[in-house]
Amino acid sequence: MSPSQSPSVAQVQIESHVFPPTVKPPGTSKPFFLGGAGERGLEIQGKFIKFTAIGVYLEDSAIPSLAVKWKGKTAEELTDSVDFFRDIVSGPFEKFTQVTMILPLTGQQYSEKVTENCVAYWKAVGTYTDAEAKAIEKFIEVFKDETFPPGGSILFTQSPLGSLTIAFSKDGSLPETGTVVMENKQLSEAVLESIIGKHGVSPAAKKSLAARMSELLKEKPEAQTAAAAE
């Protein structure tokens with residue numbers, strides 16, 4: 001799918017932050033489309049408090065790749081399918097995740113929570129090795145001195161080859177290059193897994209992804225007409 005054929009999708013607004021329909025992430029020259037977006041929050045004393053807004057962008061080739069198995073499924077079917085989100089996380093296409101602060105957060109707070117989720121997942125599936133332990137140490141180091149005000153963002157560009165490009169933005173703009181590139185496929189996938197996986201921290205982002213991708217994966221009317229004529 002060439003850039004001129006990028007899928008037509010709408011922006012998503014969460015609180016005051018707008019995720020545009022397409023972006024060019026740090027560390028890649030390709031435009032990505034907005035797969036879905038949602039908040040991450042917690043119920044505190046009976047009130048739902050939103051901490052971050054999360055947008056998940058996908059390379060255009062995600063659509064034909066996912067269509068093989070998921071074309072024609074309803075939003076509900078996709079929302080309830082662990083395998084669907086696993087196929088997004090591990091699929092042979094690039095992904096870009098933007099985590100934008102609604103409330104202020106320190107890099108240490110963020111990295112500790114993410115790595116805790118990653119390690120728990122790896123231990124559960126039996127894939128936690130020395131390489132992952134070293135990657136976790138480096139990940140925590142990258143975030144150690146960072147602070148994120150409301151509107152600040154953490155940016156992850158995930159390559160199917162195994163690299164994870166991490167960048168930061170304090171003003172909503174996207175830098176052209178990353179702050180650091182980490183070469184660990186498990187960590188690269190685990191960051192997105194921790195958001196939209198089986199125990200993902202943003203059910204709202206999962207629901208948005210499922211609804212929007214269900215529409216994008218529907219057969220084109222022309223294809224249906226052709227099939228009916230055969």
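From the backbone N, Cα and C atoms, a Cβ is placed for every residue, glycine too.
Residues or ranges marked as substrate binding site by Swiss-Prot: Thr52, Asn117, Ser194. Taken from Swiss-Prot, the feature site 'Important for catalytic activity' covers Tyr110.
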At a 10 Å cut-off from the C-beta of Asn117 (substrate binding site), count the other C-beta atoms across all protein chains. 19
Tell me which residues of the chain lie with their Cβ under 8 angstroms from that of Tyr110 (site 'Important for catalytic activity'), as long as they are six or more apart in sequence? Val99, Phe143, Phe148, Ile154
Select the most exposed residue of Thr52, Ser194, where exposure means the fewest other Cβ atoms within 10 Å, treating these as the binding-site residues. Ser194
Among Thr52, Asn117, Ser194, the annotated substrate contacts, find the widest CA pair distance and round it to a whole Å. 17
What other residues of the same chain, not counting Thr52, Asn117, Ser194, have a CB atom within 8 A of the CB centroid of the substrate site? Arg40, Lys113, Val114, Val191, Ile195, Gly200, Val201, Ser202
